[in-house]
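A.B. asks: Please read through the structure below; I'll follow up with questions.
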Amino acid sequence: MAASDSAGDDSLYPIAVLIDELKNEDVQLRLNSIKKLSTIALALGVERTRTELIPFLTETIYDEDEVLLALAEQLGQFITLVGGPEYAFYLLPPLESLATVEETVVRDKAVESLRIVAQQHSPTDLESHFVPLVQRLAAGDWFTTRTSACGLFSVCYPRISAAMKGELRSHFRALCQDDTPMVRRAAATKLGELAQVVELEYLKSDLIPMFVNLAQDEQDSVRLLAVEACVSIATLLPQEDTEQLVMPTLRQCTGDTSWRVRYMVADKFSELQKAVGPEITKTDLVPAFQSLLKDTEAEVRAAAANKVKDFCQNLDKAHQENIIMTNILPCVKELVADPNQHVKSALASVIMGLSPILGRHNTIEHLLPLFLTQLKDECPEVRLNIISNLDCVNEVIGIQQLSQSLLPAIVELAEDSKWRVRSAIIEYMPLLAGQLGREFFDEKLNALCMTWLMDHVFAIREAATMNLRKLVDQFGAEWAENTIVPKVLAMSRDQNYLYRMTCLFCVNVLAEACGSDITTRLLLPTVLGMANDKVANVSDITTRLLLPTVLGMANDKVANVRFNVAKTLQKIAPQLDQAVIQPQVKPVLDKLNVDTDVDVKYSAGEAITGIAVSVVTITRFVSRFYNTENIRRCHYTYVSHLAVTSVRYK
């Protein structure tokens, strides 16, 4: 008997711990306890979870929002823990309570879990347990409960009796006419979802009147949500019913006094176009789209401009070109000169897509002038949106016509006085190279890419070096050896030390892309020759420097360059054979390790250590040539560097 009592006490221990933690003053402890509910439920078993744990949770739903949110999420995963779908209705009471709380996030999560649980209900359980819950929420005194109810109709409607379906439609109608705008907004949001499961007969007789009322609501926040429902409803109706029941309301929304409603129409225009079909599009939506493109509010014009390509693509092929040239293109020409940069930018992101639709002749005659205007626009984003879509035009008019018309404008941008514009053009240069081809690139744009390497702004020079790497990836190492590498190596002899450093940066990115042969044969000698430069660099330039160029510059007069020579040697060492490192790299690092500049010495010491650690194949080289005295000297250099730089920056 005593043993039996002891066993009973032990079985109660998990829920006792849970109760203690749920009542703890520490929110984090309560939160952790909620997240362990599944473990507690497993320990209790399905019977005690249903009869003890769930009632306890239902009675204690008065806590911090984050705890309630975690509880709402956990309960949605509790179906198996209460015994399976036939017992899923046990989870409804706590979730119903959570669906009534003030915090929106908690209510939304509770509704989400209720929808999951409802899918596991049998039709009988839906009618016995879930539908009454929906009705209680829909008739609740507080708007929070009625708001939550709106999201539950569609999940249970298809699997209940006709009588109950009628009751639910009545409740939803009441919610659409609720005095509180928040409830009407929730109803408008879920109207399209409910329309998907309601019978066509009741869609026409019940839901469309609700849609019309919501679209005429006094609150524009309700009216704009009705536009989304319009898409779902129009998809479900035959064309003649759509014209009669939906289009009058849609025309009204297109001319709504609130710009937010018109914006929503513009944003959903492509979906509306597909829903209503080509005939209604031709008669009704084309004039509506023109109206939106000419709207007084810039936000509406931008949203409509963003849909120009999609709208034109979805037009009936038999009338497509005529509609575009007659109705759409005049509006587009006006938007190219729109005073708002967001409108022009939205248009620039899609206007190039009209070329394949209109063909070569119309593109050259009508679209190219617009492209040129936008390429010269004062807004950088407009120009970049045009450049990033050049491939659409290239496929239609050909490279020759493109080079004669658009390329001069691109070159002009590449020489823009604003460095951010130049930087943006550099970013798109690999894309242009891929679109235009190697031969055309070498003839028209290669020199421009090399000019950027000598720009007076460091960010441009840095972007230009990365651009070279992408071009090598595009065109191959052989192209780099013949076209790029000679020009890069020539920079190692430039009078300006900044350009000599740029040479190092280029070697850094080219060595890996070009391979060990070109690196050893062409780049390495240049770097070695720059190790005696006179200018030091206190800041950490970059860890992505490559070996060959650095070695050729080891005798440079600028210590800044020599500093980066050592860093580059460390970076490109994995690309080199041990036979190259031993006779060529080792003497340079030894020399830099006794340089007069403390930062150069520090960089050389770091390179020596880094090569020893990271490159396994040169372990013998390190053991043979970098004796204990050398390592001590590296350590001394490092300590000295810390001391000097700390004084420097105080």
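Cβ atoms here come from the backbone N, Cα and C positions, even for glycine.
Quick paste of what TrEMBL says about this protein:
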REPEAT    14-52  repeat 'HEAT'
REPEAT    91-129  repeat 'HEAT'
REPEAT    168-206  repeat 'HEAT'
REPEAT    207-245  repeat 'HEAT'
DOMAIN    235-466  domain 'TOG'
REPEAT    246-284  repeat 'HEAT'
REPEAT    285-322  repeat 'HEAT'
REPEAT    328-366  repeat 'HEAT'
REPEAT    367-405  repeat 'HEAT'
REPEAT    406-444  repeat 'HEAT'
REPEAT    546-584  repeat 'HEAT'
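Each of these features: where is it, how hidden is it, and who are its neighbours?
C.D. replies: In this model, the repeat 'HEAT' (14-52) carries an average pLDDT of 76.
Remark: secondary structure over the repeat 'HEAT' (91-129) totals 31 helix, 0 strand, 8 coil, with classes taken from DSSP.
With DSSP states grouped into helix (H, G, I), strand (E, B) and coil, the repeat 'HEAT' (207-245) comes out at 33 helix, 0 strand, 6 coil.
Long-range Cβ contacts of the repeat 'HEAT' (246-284) within its own chain (Cβ-Cβ under 8 Å, at least 6 residues beyond either end) map to 208, 211-212, 215-216, 220-221, 223-228, 230-231, 233-235, 237, 239, 291-292, 295-297, 299-300, 303-304, 307, 310-311, 314-316, 319, 323.
Note on the repeat 'HEAT' (285-322): residues 250-251, 254-255, 259, 262-263, 265-267, 269-270, 272-274, 276, 278, 328, 331-332, 334-335, 338, 340, 342-343, 345-347, 349-351, 353-354, 357-359, 362 of its chain, located 6 or more positions outside it, place their CB under 8 angstroms from a CB of the stretch.
In terms of DSSP secondary structure, the repeat 'HEAT' (328-366) contains 33 helix, 0 strand, 6 coil.
For the repeat 'HEAT' (367-405), the list of distant contacts is 332-333, 336-337, 341, 344-345, 347-349, 351-356, 358-360, 412-413, 418, 420-421, 424-425, 428, 431-432, 435-437, 440, 444: same-chain residues at least six beyond its ends, Cβ to Cβ under 8 Å.
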A.B. asks: For the repeat 'HEAT' (246-284), give the DSSP counts of helix residues, strand residues and coil residues.
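C.D. replies: So the counts come to 33 helix, 0 strand, 6 coil.
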A.B. asks: What does DSSP give as the helix, strand and coil breakdown of the repeat 'HEAT' (168-206)?
C.D. replies: 31 helix, 0 strand, 8 coil
A.B. asks: So, by DSSP, how many helix, strand and coil residues make up the repeat 'HEAT' (367-405)?
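C.D. replies: Per-class counts: 32 helix, 0 strand, 7 coil.
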A.B. asks: Looking only at the repeat 'HEAT' (285-322), how are its residues distributed among DSSP helix, strand and coil?
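C.D. replies: Helix (H, G, I), strand (E, B), coil: 26 helix, 0 strand, 12 coil.
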